[in-house]
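Feature list (source: Swiss-Prot):
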- 239-430: domain 'GATase cobBQ-type' (DOMAIN)
- 320: active site, nucleophile (ACT_SITE)
- 422: site 'Increases nucleophilicity of active site Cys' (SITE)
């Protein structure tokens, strides 16, 4: 598979929409796989709309270099081109070791820059030159200008750029805007207008951007990584129930694929008061439970089922929004209590300061996620805050990050474990046996 990476000098440059538009435009001629640098759950949804295929996260912090290369190779099989969307600015991250730049270097992928040119002209030449020559061990091949006001504006920008090929531009258009919410861009599930937005943006890209040159610039250099054979179980698979609806939609595609090797996956919707009676394991991911408090409070059958399964010792794993749902009460911005499942004696305020960043967790107690004394990396991404925690058993000591309380995460009751950290199951320290 050929591959190219789209990056920028900062967040807010239009990467997600332009990347999705390019994916959609190229999909008319090629089989395109989307990838996303970093831990983001939302942008891959846009990629899926654009290509028709799930987008795959590539995160050096959580996955490590070899697993990133394996995922790129594995999910690139049978595709003509992989398009990787970067995160933040090209050199941003915990440090450059976990940046988009490092991802491009590790995966031997050439870079095309997307630069927001609103309110600048010739200065774009200095921005592009700075990005290109700040490091010399990656290949910045092209640049696309965003928010170009006129042909004259485009010419000023184009004439200022040296040593990098200008591939075209996207004109300023007030209709080209993805709305934001407190955790970033609105999710695809929330906004059905996203499909029309990507379609419109792709029409502009087809008109103003050299798509053939993008495909030509993409690299097919060998990743020099061995792909292990799929270790899918040959026996009868146990059933795993996975919460999935607009309140719980934050799942990595690769995590689901890893679980499919061992389990028959059946999805259920807490918002619709559903449950899976014969489940032998349960997984509740993150999302936006704070936007669906009334419906979740009324999901009495789901909550009763989860509580009974927890008491019976069934393995339940929950992340972030899942932790909130398994708690006792969620308190909204008007200080109104909403009763949740109550497996954990924890009350959580649903809207507080944003907590976002990578985590590093040490397993200090035996559990079914990580062997004791092992260390695993994840990330936190929420605006909620526990205000009452009457639980004593936690399986993780937080070495980097915040966790639930007092640098502890992974609250445990029976065989139920819930944490604020999201984990990527490709990490070799994890034992996803459920």
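Glycine too: its Cβ is placed from the backbone N, Cα and C atoms.
When the recorded positions 320, 422 are scored by other C-beta atoms within 10 Å, 320 scores highest. Comparing residue 320 (active site, nucleophile) with residue 422 (site 'Increases nucleophilicity of active site Cys'), their Cα atoms are 7 Å apart once rounded. Across the domain 'GATase cobBQ-type' (239-430), the prediction's mean pLDDT works out to 96.
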